[in-house]
Amino acid sequence: MSWLERLRDGLSKTRKQLNDTAGNLGTDLKDTFTRLDSVEDLEYALIAADVGRTATEEILEDVRASRQPNLQQALMEALTLQLEPDARRAQFRKLGFSPDARRTVVDPKGHVVMVIGVNGVGKTTTIAKLGQYYMGRGRSVMFAAGDTFRAAAGAQLGVWGERLGVPVVQGPEGGDPAAVAFDAASARAARGTDLLFVDTAGRLHTKHNLMEELKKVRRVIDKADPGEPTEVWLVLDAVTGQNGLAQAKKFHEATPLTGVIVTKLDGTAKGGILVPIVRELGVPIKFIGVGEQADDLQPFDSQDFVRALFDVEIPRSQPG
Ligand SMILES: Nc1nc2c(ncn2[C@@H]2O[C@H](COP(=O)(O)OP(=O)(O)O)[C@@H](O)[C@H]2O)c(=O)[nH]1
Ligand SMILES: [Mg+2]
């Protein structure tokens, strides 16, 4: 399967839900908006996909004002805008989309990326996928097994490291995650490895302690390697929808995020959750996960995402 087929495949549940409604609306915009039922259907479909109220209202406004002759085109454009951070949304409204401007930058600014999020969202798997992605682009990679609370977590990352040929810095089970992060960050700097991905714990039941722990991990990385981590990426499970968004805000307060990775888009009809994630966190989505295999992680591209949602041909090659 090509990356594009994987994306389409992964988004099939959300697509079916949106397309069923948008498809029923006919293609003539004027006609649609004179029939109130149809607008309500569209509104319902967007809300049901977790796009959120504010964004849905803006989308309907944009669609009404659109010069596109066809509803699907107008809706696609409006949705794409909602998937862009504020500044870029304003720029796109003014200048239109340009293929270069829209490309999300996924290269970390520095060398250390902290990966955070609650248990089970896919942090450890995503770190493995990230390792594969960046190694495929010629970067050297290391992992730090910073989830020392879960018995199996260090072992899980160790297995991935072996499979991918990535060195993994481990600590004793139940040990101090900050110590593992410190050792790993020091080792990365000493070896001159391009990228270090730091796995972290994600227990929900002791949220306060978890947030303090994450702050501490961040501080010790900076101590070992001043200026790092330059990136803190939150992994969010798309299946958890609005709950996930509420969690995300808590993490963002404790450890300011530089990016979000949304996993399990293949398991939900609520792929619209990406819209409130971008709008309410104001943080770009870096990657999306559309399956369990190592290459089921793709740099996020708002236009490709929306095209895949509507099953429209994407006449381009895979982004480098
Ligand atoms: N379907 C699907 N499953 C995923 C995806 N990403 C991760 N998973 C699965 O989610 C489960 C939890 O992943 P894990 O990395 O252990 O989560 P962690 O607790 O946050 O480290 C595993 O079974 C993964 O295979 C995805 O994009 N799609
Ligand atoms: Mg894990």
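Note that Cβ sites are derived from N, Cα and C of the backbone, with glycine treated the same way.
Keep in mind the model is a prediction, meaning the values are calculated, not measured.
Look at TrEMBL and you will find 117-124, 199-203, 263-266 tagged as GTP binding site. Under DSSP, Leu265 (GTP binding site) is assigned to a helix (H, G or I) in the three-state scheme.
Over the domain 'SRP54-type proteins GTP-binding' (284-297), the average per-residue pLDDT in this prediction is 89. TrEMBL lists 284-297 with the feature domain 'SRP54-type proteins GTP-binding'.
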**Asked** In the domain 'SRP54-type proteins GTP-binding' (284-297), how many residues does DSSP assign to helix, to strand and to coil?
**Response** 0 helix, 6 strand, 8 coil
**Message:** Any of the binding-site residues Gly117, Lys123, Thr200, Leu265 with a C-beta atom under 6 A from ligand 2? Give them in order, or none.
**Reply:** Lys123
**Asked** Which has the fewest other CB atoms in a 10 Å radius around its CB: Gly117, Gly120, the listed binding-site residues?
**Response** Gly120
**Complete:** Students should find that the Cβ of Leu265 (GTP binding site) has, within 10 Å, a number of other Cβ atoms equal to 27
**Complete:** According to DSSP, Lys123 (GTP binding site) sits in helix
**Request:** Under 6 Å from ligand 1 by C-beta, which of these binding-site residues make it: Gly120, Lys123, Thr200, Arg203? Sequence order, please.
**Result:** Gly120, Lys123
**Prompt:** Once near-sequence residues are set aside, which residues in the chain of Lys123 (GTP binding site), 6 or more away, have Cβ atoms under 8 Å from its Cβ?
**Reply:** Val115, Ile116, Gly117, Asp147, Asp199, Thr200, Gly202, Val235
